[in-house]
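Student: Would you mind keeping the following structure in view while I ask a few things?
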Amino acid sequence: MKRERSNILNLRMDELKEALAAINEPQWRAAQLHQWLFSHRAGSFDDMTTLSLPLRRKLAESFYIQQPVTEKHDETMEGSPAGATEKLLIQLPDGERVETVLIPGPNRMTACVSAQAGCLLGCSFCATGQMGFRRNLSSGEITGQVWALSDMLQERNREASISNIVFMGMGEPLLNTANVIEAVLNLSTRKYRFSTSQRKITISTVGITPEIDRLADTGLKTKLAVSLHSAIQEKREALMPQAARQYPLDRLRESLIGYASKTGEPVTLAYMLLKGINDSEMDAKRLIRYASGFFCKINLIDYNPIVNIKFEPVCDGTRERFRDILQDAGLQVTIRKSYGTPINAACGQLAADCTGNSDNL
């Protein structure tokens, strides 16, 4: 019985080698094939002129090439002095949807990509968690989001190109570690289309400690950001019940110390300030205790409004007082500006238009 063809873009490098072996081709050809797919972005096997015609025919018998499709585009100039923040709703070949965001900044252009369709963690302040979990994205589907944003730039004849990549879109990257790592390699390999420095790639996580440990041992030089939001275990459990209970703060801190030590990169602790929840002087002092003694920096983030979620952002004075307490203790602190709020493209707002109307999310 003839096997049904599948999308070759969903295969990692190790899987490409296995696929070639299955059709009696040498595994070393996987590097050529991989470059055609993820650097040259070949649209068909006929485009792969450095591969023999018999090999191209065999590949076409077992596989097809299908890129994700951009279904919707939104943009806003609000809050961004460097240009429009833009969001793409992307439909994957099986009909699932994800969102990806282009964020302009001084001397940089950042692609914010999703690692999963939906999310199973259900953090209380996040729109993606309201969707539930659909599935992990393949490394090709993650890479394809950067391609889609890059295509958008080129179509408008912008001189700017994507310089930074952050895994801060939909889903938990470290519950899809193998495909995230493969996507990082796709996007950072020298002489490939993007060749992005790994030090300009940030992987964000709620704190999946075994995967943080695994990431630290890969030799990758990516940066790590952790959604902390409270240094008090009980409060963190209320905000992020699944992640906080399964990966307690003490165990998380051990992993963060190990990551910073092995990579030489500071860990970013993301802290979303929520009015009356985690914004007190006591909260700041507990954060000081938690963050002291290892290589880290703190990003304070404003809460972005989400329908059916009742948190409130803090006022400017509260945010600045909280920052000052941390800085007076010697911590490196940045107040992170949120871009894309009017189009539901800011931190915590991505939900893949799951109601059919992104304006309602």
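Backbone N, Cα and C atoms are what each Cβ position is placed from, and that goes for glycine too.
In case it helps, Swiss-Prot gives these features for our protein:
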ACT_SITE  Glu99  active site, proton acceptor
DOMAIN    105-342  domain 'Radical SAM core'
DISULFID  Cys112-Cys347  disulfide bond
BINDING   Cys119, Cys123, Cys126  [4Fe-4S] cluster binding site
BINDING   Gly171, Glu172, Ser204, Ser227, Leu228, His229, Asn304  S-adenosyl-L-methionine binding site
ACT_SITE  Cys347  active site, S-methylcysteine intermediate
Student: So which recorded positions out of Glu99, Cys112, Cys119, Cys123 end up within 10 angstroms of Asn304 (S-adenosyl-L-methionine binding site), measuring C-alpha to C-alpha?
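Tutor: Within 10 Å of Asn304 (S-adenosyl-L-methionine binding site): none of them.
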Student: Give me the non-local Cβ neighbours of Cys123 ([4Fe-4S] cluster binding site): same chain, 6+ apart in sequence, Cβ-Cβ under 8 Å, ordered along the sequence.
Tutor: Gly129, Val206, Ser227, Leu239, Met240, Ala243
Student: So for Asn304 (S-adenosyl-L-methionine binding site), how many other CB atoms are inside 10 Å of its CB?
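Tutor: Its Cβ shell of radius 10 Å holds 21 other Cβ atoms.
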Student: Go through Cys119, Cys126, Ser227, Leu228, our binding-site residues, and report the one whose Cβ sees the most other Cβ atoms within 10 Å.
Tutor: Leu228
Student: Which recorded positions (Cys112, Cys119, Ser204, Leu228, His229) fall within 10 Å of Glu99 (active site, proton acceptor) by Cα distance?
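Tutor: Within 10 Å Cα-Cα: Cys112.
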Student: Restricting to the record's S-adenosyl-L-methionine-binding residues (Gly171, Glu172, Ser204, Ser227, Leu228, His229, Asn304), give me the longest CA-CA distance in Å as a whole number.
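Tutor: Farthest-apart Cα atoms in Gly171, Glu172, Ser204, Ser227, Leu228, His229, Asn304 are separated by 19 Å.
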Student: At the Cα level, what's the spacing in Å between Leu228 (S-adenosyl-L-methionine binding site) and Cys119 ([4Fe-4S] cluster binding site), rounded?
Tutor: 17
Student: Using DSSP with the three-state reduction, classify Ser204 (S-adenosyl-L-methionine binding site) as helix, strand or coil.
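Tutor: Strand, per DSSP.
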Student: Provide, as an integer number of angstrom, the distance between the C-alpha atoms of Ser204 (S-adenosyl-L-methionine binding site) and Cys112 (disulfide bond).
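Tutor: Approximately 11 Å lies between the Cα of Ser204 (S-adenosyl-L-methionine binding site) and that of Cys112 (disulfide bond).
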Student: Do me a favour and check the Cα-Cα span between Glu172 (S-adenosyl-L-methionine binding site) and Cys119 ([4Fe-4S] cluster binding site); whole Å is fine.
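Tutor: If we compare the Cα positions of Glu172 (S-adenosyl-L-methionine binding site) and Cys119 ([4Fe-4S] cluster binding site), the gap is 7 Å.
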Student: Going by C-alpha distance, which of the recorded positions Cys112, Cys119, Cys126 is nearest to Gly171 (S-adenosyl-L-methionine binding site)?
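Tutor: Result: the closest of the recorded positions to Gly171 (S-adenosyl-L-methionine binding site) is Cys119.
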